[in-house]
Amino acid sequence: MKNDVISPEFDENGRPLRRIRSFVRRQGRLTKGQEHALENYWPVMGVEFSEDMLDFPALFGREAPVTLEIGFGMGASLVAMAKDRPEQDFLGIEVHSPGVGACLASAHEEGLSNLHVMCHDAVEVLHKMIPDNSLRMVQLFFPDPWHKARHNKRRIVQVPFAELVKSKLQLGGVFHMATDWEPYAEHMLEVMSSIDGYKNLSESNDYVPRPASRPVTKFEQRGHRLGHGVWDLMFERVK
């Protein structure tokens, strides 16, 4: 598995500049289980970054709706979703190798064949490897909120990124975001509402209740006990 992760900023035309990371490298140490998973299961479930567009039917061995999850953490929710929806295919992207290893181990334990993972910057993957109009859903759950005002530009949800996601969604495809930081939720809502071609699926034109399809994470359960909120946003590509 190659480990070459760079996150770009965008120029005024939406082209990526290799400057600003939307994440911090927190590689940490691999457990023996994660190391074993990377060595043994990556050749089967891992996808190396390249500048060639993916052929999803060839990758998964069938024609099926594809969900892309960006930043899957340790992979527990992604594996649960792939297990619950065997009729769909899932591609997960995560920049931290311990998380990739943990996800591979869980996916192998569940015997999943409808999940593949990548360890690379998601923006570059979207630009170089994801065909236009190919995704049923893009999921972005609990991205780094970059709390400090001077770091807000590092937030991954910006207009050029949301436009890029829209180009990869099929008509009727959905971009689903979730955050536990209300100012970031407000930022997401402002960005998404400014883009022509997206429809907010919220009846109140802001946030949606957590859909049953998104598992509650342990982190989220702890937040609920402490009285912390979570905001889900779902926007459909309508043109």
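Numbering starts at 1 and runs along the chain as it is shown here.
Every residue gets a Cβ built from N, Cα and C, even glycine.
Because the structure is a prediction, the values reported are computed rather than measured.
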**OP:** Could you look at Glu69, Glu109, Glu163 and say which one Swiss-Prot places alongside Glu94, Asp121, Asp144 in the S-adenosyl-L-methionine site?
**Re:** Glu69
Subject >> Further substrate ligand in Swiss-Prot, beside Lys148, Thr217, Lys218, Phe219, Glu220, within candidate set Asp84, Asp89, Asp180 >> reply: Asp180
Original post:
How many Å separate the Cα atoms of Glu94 (S-adenosyl-L-methionine binding site) and Lys218 (substrate binding site)?
Top reply: 18
Original post:
For Glu220 (substrate binding site), which residues in the same chain are close in space, meaning a Cβ under 8 Å from its Cβ, but six or more apart along the sequence?
Top reply: Phe142, Asp180, Val230
Subject >> Cα proximity to Glu69 (S-adenosyl-L-methionine binding site), best match among binding-site residues Lys148, Thr217, Lys218, Phe219 >> reply: Thr217
